[in-house]
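> Features from TrEMBL:
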DOMAIN    39-290  domain 'G-protein coupled receptors family 1 profile'
TRANSMEM  26-50  transmembrane segment
TRANSMEM  96-118  transmembrane segment
TRANSMEM  139-160  transmembrane segment
TRANSMEM  202-223  transmembrane segment
TRANSMEM  235-259  transmembrane segment
TRANSMEM  271-290  transmembrane segment
């Protein structure tokens, strides 16, 4: 294969959306983005300005909101530009950057969800030891570790992406730049690319999911010991909604990234739906599940919107 086949200056994004569904898709994407942006921005603001929320749980929630807001901003505006203005051409560098950000933020969110599950496990199952373990230093070290692990897992993807040759076409059958679709249209016949995809998905996906399930199952066992029926109901309601977000995030990504890695070819439509669910739905749902159902954050948002100051006594 000649070196010229490697030198692709740009990719063309091809959103395979039927014309009769185009308006609905554009409106849905715009609404999802606005809801995601507003919800996560409100969470970030109230966590920053309210000193009573400067504790491990809310620091993690604020960090999750940052990841979700950046991830949605990285993906949805580009999709809207393609659908509204037919801005399908993306230079090679920005395309590589977009897919790197998608993978990095998805990895970081997966690791963070595991850390948050462990934090809740310690708080509920070992409440006496929790203050000595979940110190501010430990919280920020765990957030740093989340980012380091995400960058370490991402690095081989970036290296392998630069090795791909595109001698047949530069059209990506997708609405944004993605590593899997790059592999499918490339001329490079090397199994290491799909092996990397399947192995990291299995380890990180199932590993993170297992940590979350273990932590929440132990919390459920602890909740069973609560004598109050109302207390049990609230505990189970919280655990169910948290697990719903975890499964909405992990399962579509595990299916869409692991199956191509083991040679199972998904249709473009099925792949698009799975990845879009994993990337767009959790960032929109997370502020509702983790934040707006929390009394402290709800009261902080109310005070922010009404202009009232925080009353330290009431906290």
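Cβ from N, Cα, C; glycine included.
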> How about long-range neighbours of the transmembrane segment (271-290): same chain, 6 or more residues beyond its ends, C-beta under 8 Å?
16, 29, 32, 35-36, 39-40, 42-43, 61, 64-65, 68-69, 71-72, 75-76, 102, 106, 109, 116, 174-175, 178, 180, 241-242, 244-245, 248-253, 255-256, 260
> Kindly state the mean pLDDT of the domain 'G-protein coupled receptors family 1 profile' (39-290) in the predicted structure.
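A mean pLDDT of 87 is what the predicted model shows over the domain 'G-protein coupled receptors family 1 profile' (39-290).
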> Is the transmembrane segment (96-118) packed against any residues at least 6 beyond its ends, judged by a Cβ distance under 8 Å, and which are they?
57, 60-61, 63-64, 67-68, 70-71, 74-75, 78, 90, 142-143, 145-147, 149-151, 153-154, 157-158, 161-162, 176-179, 182, 204-205, 208, 211-212, 215-216, 242, 245-246, 249-250, 253, 278-279, 282, 290
